[in-house]
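Noted in TrEMBL for the protein shown:
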TRANSMEM  B:6-29  transmembrane segment
TRANSMEM  B:36-57  transmembrane segment
TRANSMEM  B:63-85  transmembrane segment
TRANSMEM  B:97-118  transmembrane segment
TRANSMEM  B:138-163  transmembrane segment
TRANSMEM  B:192-211  transmembrane segment
TRANSMEM  B:217-235  transmembrane segment
TRANSMEM  B:269-290  transmembrane segment
Amino acid sequence: MTATARSAAASAGAVPILAAQGLSARYGQVQALAPIDFEVGAGELVAVLGPNGAGKSTLLRAILGLVATGGEVRFLGTVLPRRNPVAVASRGVVLVPEGRGIFGPMTVLENLELGAYRLGRDAQERERRFARVYELFPRLKERLGQAAGSMSGGEQQMLAIGRALMADPRILLLDEPSLGLAPRVTEEILETLRVLNRSGLPVVLVEQRAPSALKLAHRAYLLSLGRLAAVIDPREVHSHEQLAQYYFA
Amino acid sequence: MDFTLIGQSLVSGLGIGCVYGLIGIGFCVIYNASGIVNFAQGAFVMLGGMITHALFVRVELPYGLAILLAVLIVALIGVVLERVVVRPLWTRNAPMFVMILATLAAQIVIERLTYLAADDQPKTLPVFTDVPPIMLRGIAVNIQSLWIITGSLAIVALLALFFKTTRTGKAMRACAINREAAALQGIPVHSMLALAFALSAGLGAVAGIMLTPTQYTAYDVGVPFAISGFIAAIIGGFGRPFGAFLGGLMLGVVQATAILYFGAGLKTVIALSILLLFLFVRPSGLLGAAK
């Protein structure tokens with residue numbers, strides 16, 4: 001980590017709530033992610049940037065223990081289990097996966113209900129969560145009875161984030177939420193993430209559109225070919241040329 | 001051809017078709033929850049009849065209680081099968097052919113254990129309601145067939161209600177659509193798999209129990225029923241429970257009609273011909289395959 005990035009982390013008031021040490025990942029015999037240290041502080045929005053195949057999604061999957069990993073991931077001081085996404089989700093670490101992972105044949109309402117699967121029968125809390133999601137994404141409320149798979153890409157992404165919020169996450173991880181979306185819709189989604197983060201929710205955002213992500217992020221990790229290439233302080237990036245320097249360094 | 005005879009065949013075909021349909025639904029429920037084709041499904045059908053017979057005849061429990069206990073016991077056996085045979089392979093991402101072989105092996109083991117525990121003699125059960133058949137325009141409809149048809153329809157309706165309205169049912173559907181996304185929501189996918197086996201085993205048991213009074217049961221009746229249920233699921237569109245039920249009805253009626261024209265000796269040939277026909281012409285089945 002560069003000195004400036006360290007100071008950026010410090011300035012975000014970041015006591016790490018999520019800390020990965022020596023986290024690596026492999027698919028079979030292929031090392032997809034070289035050992036990496038990764039931190040997210042309380043209230044931080046951390047972007048993970050890099051070109052296709054850089055290992056961004058693998059990093060998220062490694063944090064959740066969805067792939068064979070080395071190293072250790074701690075969340076709020078306790079080690080996260082490996083190969084047990086259910087247990088990880090129940091700790092409040094919730095991922096919006098690449099491709100959204102919505103349940104297409106099911107209705108919007110059913111998708112949202114399943115987001116709150118672990119809540120049980122607390123109707124008051126359920127209503128509070130629904131109200132929060134509807135406030136952020138009013139369009140979802142208009143489409144409750146619609147099959148999720150029949151909605152537009154942007155609406156599906158809203159649903160994927162809304163469903164994740166129904167779990168009342170303590171940290172939200174998003175894998176390429178802008179993938180396949182029009183720029184206007186992407187801005188809408190990213191603005192919602194900004195609102196969520198300002199409300200105190202830590203966010204990890206994997207994103208190929210680096211300029212958009214850097215506008216939101218307190219800190220960014222740049223990956224290349226499965227390795228950490230740089231930790232970027234967005235305040236130090238004033239132009240595309242500067243960003244390109246990081247990419248080509 | 002005598003229309004009364006055709007009507008009689010249709011009634012009989014619908015009855016056996018309902019049973020095929022229930023077995024087919026069992027295939028679909030497990031396949032949707034896990035991606036596994038469970039060829040031990042026929043064992044559940046056999047066990048339903050055999051355990052009910054043991055509890056009713058040997059232990060001398062009341063008939064209704066024997067049926068209820070048998071369904072519960074078979075559901076439990078389904079869970080044990082899932083834990084002992086399926087889950088260890090499933091968590092290691094074993095290929096489909098390994099899973100098929102493993103469940104076939106389980107079918108044979110259950111069959112032989114049943115043979116050792118009971119014997120090789122066919123066994124039957126009393127009809128649920130001992131009254132004469134109803135005559136409809138010369139067609140004799142026996143009451144047990146009505147039990148099978150109405151019972152099966154009720155089960156299909158209850159299953160639809162379960163999957164549509166309950167939290168667990170919706171979670172099972174979510175697992176069927178995208179298992180990893182379901183796990184990321186905190187849905188316990190392993191428990192859902194165990195539940196799918198319990199449900200399928202229970203369905204198979206009910207099918208076996210309803211059918212036994214009209215035919216017989218024995219330690220080795222499982223495989224033919226498994227094949228018919230599998231064909232029903234293929235016809236309906238594999239992974240589509242309602243499709244499997246329709247497929248079962250279609251298979252039962254076509255088989256019964258064909259027996260009328262060509263004789264019972266060709267029953268299996270006809271069933272397998274229908275399977276081949278669908279695999280060649282419409283492999284996604286009547287409703288389109290779920291995956």
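Backbone N, Cα and C define each Cβ position, glycine as well.
Listed by sequence, the residues of this chain that lie at least six past the ends of the transmembrane segment (B:192-211) yet keep a Cβ under 8 A from its Cβ atoms are 16, 19, 22-23, 25-27, 29-30, 32-34, 38, 41-52, 67, 70-72, 74-79, 81-83, 86-87, 90, 125, 128, 144, 147-148, 151-152, 155, 168, 171-172, 175, 182, 217, 225.
Outside the transmembrane segment (B:269-290), and at least 6 residues removed from its termini, the chain residues within Cβ reach (under 8 Å) are 28, 31-32, 176, 227-228, 231, 233-240, 242-243, 246-247, 250-251, 254-255, 258-259, 262. Between the transmembrane segment (B:36-57) and the transmembrane segment (B:138-163), the number of CB pairs under 8 angstroms, six or more residues apart, is fewer than three, so the stretches are not in contact.
Here the transmembrane segment (B:217-235) has Cβ contacts under 8 Å with residues 17, 19-28, 31, 37, 39-46, 49-50, 53, 107, 110-112, 114-115, 118, 120-125, 207-208, 211, 243-248, 250-251, 268, 271-272, 274-275, 278-279, 285-286 of the same chain, all six or more residues outside its ends. Listed stretches B:6-29, B:97-118, B:138-163 were compared with the transmembrane segment (B:63-85); the greatest number of C-beta pairs under 8 angstroms is found for B:97-118.
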